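Chemist: Sending over a structure as structure tokens; questions will come in a sec.
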Amino acid sequence: MGKEQKEKKDGNLSIKEEVEKELNKKSTAELFRKIKNEKISFFLPFKCLPAQHRKLLFISFVCAVLSGGTLPFFISVFGVILKNMNLGDDINPIILSLVSIGLVQFILSMISSYCMDVITSKILKTLKLEYLRSVFYQDGQFHDNNPGSKLRSDLDFYLEQVSSGIGTKFITIFTYASSFLGLYIWSLIKNARLTLCITCVFPLIYVCGVICNKKVKLNKKTSLLYNNNTMSIIEEALMGIRTVASYCGEKTILNKFNLSETFYSKYILKANFVEALHIGLINGLILVSYAFGFWYGTRIIINSATNQYPNNDFNGASVISILLGVLISMFMLTIILPNITEYMKALEATNSLYEIINRKPLVENNDDGETLPNIKKIEFKNVRFHYDTRKDVEIYKDLSFTLKEGKTYAFVGESGCGKSTILKLIERLYDPTEGDIIVNDSHNLKDINLKWWRSKIGVVSQDPLLFSNSIKNNIKYSLYSLKDLEAMENYYEENTNDTYENKNFSLISNSMTSNELLEMKKEYQTIKDSDVVDVSKKVLIHDFVSSLPDKYDTLVGSNASKLSGGQKQRISIARAIMRNPKILILDEATSSLDNKSEYLVQKTINNLKGNENRITIIIAHRLSTIRYANTIFVLSNRERSDNNNNNNNDDNNNNNNNNNNKINNEGSYIIEQGTHDSLMKNKNGIYHLMINNQKISSNKSSNNGNDNGSDNKSSAYKDSDTGNDADNMNSLSIHENENISNNRNCKNTAENEKEEKVPFFKRMFRRKKKAPNNLRIIYKEIFSYKKDVTIIFFSILVAGGLYPVFALLYARYVSTLFDFANLEYNSNKYSIYILLIAIAMFISETLKNYYNNKIGEKVEKTMKRRLFENILYQEMSFFDQDKNTPGVLSAHINRDVHLLKTGLVNNIVIFSHFIMLFLVSMVMSFYFCPIVAAVLTFIYFINMRVFAVRARLTKSKEIEKKENMSSGVFAFSSDDEMFKDPSFLIQEAFYNMHTVINYGLEDYFCNLIEKAIDYKNKGQKRRIIVNAALWGFSQSAQLFINSFAYWFGSFLIKRGTILVDDFMKSLFTFIFTGSYAGKLMSLKGDSENAKLSFEKYYPLMIRKSNIDVRDDGGIRINKNLIKGKVDIKDVNFRYISRPNVPIYKNLSFTCDSKKTTAIVGETGSGKSTFMNLLLRFYDLKNDHIILKNDMTNFQDYQNNNNNSLVLKNVNEFSNQSGSAEDYTVFNNNGEILLDDINICDYNLRDLRNLFSIVSQEPMLFNMSIYENIKFGREDATLEDVKRVSKFAAIDEFIESLPNKYDTNVGPYGKSLSGGQKQRIAIARALLREPKILLLDEATSSLDSNSEKLIEKTIVDIKDKADKTIITIAHRIASIKRSDKIVVFNNPDRNGTFVQSHGTHDELLSAQDGIYKKYVKLAK
């Protein structure tokens, strides 16, 4: 066991180790030094403001300072008011002056708030756009080290910190600082000795703050890394949900999630404990200062009375004024410090953003770079290169070759030998480590303007990425960069004061003449839909697109999930060709196409290659696609062998090539080059061997026939190639709308209902609906932590009662100041009491804050885990919905749950504290002076209501945004609100980063996101004004209330109704309560946001999956007894999310046990859907799809009783369902049997454990190679992993890496080539030892040698391990040895059925069979 555990440890880099590795880039001491020595400008967040907004900042600052300066005046007359009330003198003139000051404070605070809200909106927008521009223009090494999920997570986190730290919190700092300084200076002038005595604890508070701040920063930095890791786990799991479900990997993902969250909680709780300790110390030390003040103030009065201080008229009224002044200034400090902490977080976040914004990319943009009249030649000279993430692995060894205009070049070689990296170097995603890339003999690629260079390149990658947009816009994206030039010019003209933006405009404008710029703008204006249609016809997708209900406006879905792989690839080809590039790069451009589509697209590519002004570069494993290239370069990363084997046997050559020649760690080089014919002459050459491995064996009897027959066949093929057979090819019409939904512009029912017309202010002040009872699940979770809740309860009891008791002691102390006989005794007594209160306050506040945060973290972790777990186990139709994209769901899991914690969980404690404080204060106040207490209670309730209305603005803003989502702002073809959401657009851009860079869409997306931000902020001016008015009232309300209280108290005292002493006791208790009420109401906005988040969280949390692997029901399976026979009987199927598209029509066939069954058909004919049904991603049970016959718009309605989907006309959506003639009912029915038992009757987990699937686009996770291979089988040892790696022909490559099986594959496996990813996926599938192996284009990304090895391995596995194999492939060579080949066909678009089935030879013998035509096209 010890050895196995060691092996597992060696091969498994834990989450903690990964994060510690990240932290160790800087030692702990270095981190402390950095925190200490970072010289960050205090006004850094405002650095990006243009001149006009800086004027607003100055106005806001001045008004905030003047507003705070009004408070010292109130304190200065406080003693006079007390004196006049005791003497019965008139105080009305003083009250009127206080009211006047209150009005001034109201106006000043309102102006300050309005200006700051405008500034905050501008800052957040500018920082976001500058961050995005910088990220978009970074180099490939940067993006290797900073995956999109991390960049997006960091951006959200940092902007949230900036948003929290500026705005009203920033002006609060200056307002209250002004009050603090004014009061403190006044107190010093009044009596410096007493003031200094009271404030002697300030240095200690400062030292504690510095020490605590260092500890908090370090722990929060660590916790942020773990939080980023958690987000990466969530996003990858949702992106690869089909892989997770098919391998029953939910528990594996959840375990990694729990581990990451555990470490996050550990470090965040350390930070929270230090913060709680700091808060407790501040509260306790402030009360200690008052104990000193009470004692020393008495000493001064006594000494003054005995003439120890000559000429000192210091008396009790002076002590009261100073104590109150310092008391309020101290309270100002307690408000300032948390806001300063928030602002310091904003400073640090801004600094982190500017580290990215100011980062100079390794591949510079070359503002003044050269532009060339043409591109005639590209030459690699002794190029060496390694990736920054794997510096020990050299990719190339003195690579040299030349590419010339008008020629076509192909690069071939084993997977991982660096073919795709050549393309990345040409695109200048990276620069060579050594050597040069020379253009036109004399221009180094580094000296050429980067944006201009990339504008001349069209790319079709191996794994095409499309945006969640329409087909039309996806094709147009290649020319949208031209639109950016015009949009950016207008933008910069309007923002001429912004240096950063001007610099970027200079980048473009300096690289071309005004005439060129004008021509490009003119060229963009001519991009018409007809151009899109023309290019679609060239790549043969026009018929397919035209058959869709929305045609070119059809949305492709998140990650193009509504398209098959072949459809995505052809749209990607159309996008590249639309650009008419000077350099056309085709990286496995036809790897996902069926033979017929490949032939047609390849013919188009061949036509394009004839362009005399274009360099065409092709990478392909299908060597038939490159035979007409002018030059073929064969790359190898193996050691040269002088002993060539003369044996012509393919297998022997293959074995020699792979086993005798070891991988060369010094990098790849060109081992052969030439035309197809010249390379084929070398019988022992690698290229010749690769060709032989891909040859398709025709029927032996046909091959042995007469030469004339062969010649005729050859002639027929040539005729078809030249066009004589084109009609026949086109007659095989392409019906590929399996995965396309009817994406008509779907409007929500609520958007069509007439909204209640309520005036704005009435809407603000009307009563809210009660919170949903469902919130009890959160409260229940909170109170499940009984020990923590008990500690919080007692700490609230203590802390809630201490302030009113302190207020009572304060009032009694004031009374003793006029009782000179007992003055010394009473002051000593009250000083001791306050010291005891200070100790109790320190303990209670520390415990309350720490356990409040502790429960919050526990609840957040639990809620996040439950939501993530419930989402993971949903059926696939849930993820097919546009509202459930990975980006949206991950936001729900992270942001919404966090808002629930801060807005509900944490605020419960604060609210409970306030209730306790309020109840004690009211009891005391009513006891001493019921009349004053009643009036003040009424006034405070009105004041609190105003606070609540201000807080509701946040919620109303969100509601208004939702109400306005139906208006069209962008050039999208859908009304879906995602396209108007900046977060969604950023998610799109970051996930498709390579495409954004390739097609120069950096500025396009920045402009699009800017419009989305402007739309989001649209119409907020009135709301800002109302918020400013309410803020002004909140700042001046205390002055108005006190003025009224003094007037009312004076009135009652004059009438003899109450005593001055009782009035003071009642008043002081309410002063403390009112100050805490303001703190409570300032958090009200968080509560409203939390309730909004709960409305999103709760439906996802309680949603029951219709196909749940957690269900233990069903027939349990003994794996050893399963034979593996699969029967498909009369299956009719439509996707619930795409009800108008029939997928299958009475589909029936059998996959025999222990045999290999291959499925072939055109792209989009439903081949992959069969595997989805087999894995029970979708069910055929009780699914009814009801369509309205005259449907124009769709609205989904899920009927939970019979699991049916009802789609109705939105405009007629009502309680009446209409007559039966208005609807057409389709049933998903039929059976899929495994060993003669319906698969729905089996236990779902047991069923999926019988299968292993290797998909066309394999999904790997951001883990080590070892962890990825053992995914789905956690009990596997390192030896098991190594064994299957040899089967998958990937072991030699892994062993050549510095970290071997511990090598991390990067986010989504991006650190590996396509072929390497696919071989690891094959190893992962084999490790599960499945009874049924599903191969969906499993070898599409492999080189010929690896493909042959894998095919041989698969045959051996089938023979030795009793496995049923079901394979989908477009390469006929990979399926010709199958026991049965099933041909899918969908000629009338009414659903796919089985056209024919049989062996390869049987199907070839059929006259005019579709399969025979496929074989012909594959030659």
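Cβ atoms are placed via backbone N, Cα and C, with glycine included.
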Chemist: Kindly tell me whether the record in Swiss-Prot places Gly249 on the same side of the membrane as Phe1293.
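Modeler: Taking the topological domain names from Swiss-Prot at face value, Gly249 sits on the side where Phe1293 is.
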Chemist: State the residue range annotated as transmembrane segment by Swiss-Prot; the candidates are 113-133, 1058-1078, 1247-1267.
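Modeler: Feature transmembrane segment in Swiss-Prot: residues 1058-1078.
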Chemist: Based on Cβ atoms within 10 Å, give me the single least packed residue among the binding-site residues Arg390, Lys419, Lys562.
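Modeler: Among the binding-site residues Arg390, Lys419, Lys562, the sparsest Cβ neighbourhood within 10 Å belongs to Arg390.
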Chemist: Restricting attention to the topological domain 'Cytoplasmic' (1-60), give the mean pLDDT.
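Modeler: Taking every residue of the topological domain 'Cytoplasmic' (1-60) together, the mean pLDDT is 59.
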Chemist: Taking only the Cα atoms, work out how far Gly1166 (ATP 2 binding site) lies from Tyr387 (ATP 1 binding site), in Å, as a whole number.
Modeler: 39
Chemist: Of the binding-site residues Arg390, Tyr1135, Ser1168, Gly1315, which sits closest to Gln462 (Mg(2+) 1 binding site) by Cα distance?
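Modeler: Of all the candidates listed, Gly1315 is nearest in space.
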Chemist: For each of the binding-site residues (Thr1163, Ser1168), count the other CB atoms lying within 10 A of its CB, then report the residue with the highest count.
Modeler: Thr1163
Chemist: Excluding near sequence neighbours, so keeping only residues 6 or more apart in the same chain, what lies with its CB under 8 A of Leu1312 (ATP 1 binding site)?
Modeler: Gly416, Leu1260, Val1305, Gly1306, Ile1320
Chemist: For the transmembrane segment (276-296), what are the same-chain contacts with Cβ under 8 Å, counting residues 6+ beyond its ends?
Modeler: 193-194, 197-201, 204-205, 208-209, 212, 322-323, 326-327, 330, 333-334, 337, 806, 810, 813, 827-828, 830-832, 834-835, 837-839, 841-850, 853
Chemist: At a threshold of under 8 Å on Cβ distances, which of 61-81, 91-111, 317-337, 830-850 pairs most often with the transmembrane segment (192-212)?
Modeler: 317-337
Chemist: Which has the fewest other CB atoms in a 10 Å radius around its CB: Tyr387, Tyr1135, the listed binding-site residues?
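Modeler: Selected from the binding-site residues Tyr387, Tyr1135 on minimum Cβ neighbours within 10 Å: Tyr387.
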Chemist: Between Thr421 (ATP 1 binding site) and Lys562 (ATP 2 binding site), how far is it from one CA atom to the other, in Å?
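Modeler: The Cα atom of Thr421 (ATP 1 binding site) is 30 Å away from the Cα atom of Lys562 (ATP 2 binding site).
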Chemist: Are there residues at least 6 beyond the ends of the transmembrane segment (317-337) whose Cβ is under 8 Å from a Cβ of it, and what are they?
Modeler: 71-72, 75-76, 78-79, 82-83, 172-173, 176-177, 179-180, 183-184, 186-187, 190-191, 194-195, 198-199, 209, 282-283, 286, 289-290, 293-294, 297-298, 300-301, 810, 814, 817, 1075, 1079
Chemist: Please identify, among the binding-site residues Gly566, Tyr1135, Thr1163, Ser1168, Gln1256, the one with the smallest Cα-Cα distance to Lys419 (ATP 1 binding site).
Modeler: Gln1256
Chemist: Cα of Ser1168 (ATP 2 binding site) to Cα of Tyr387 (ATP 1 binding site): how many Å, rounded?
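Modeler: A Cα-Cα distance of 35 Å.
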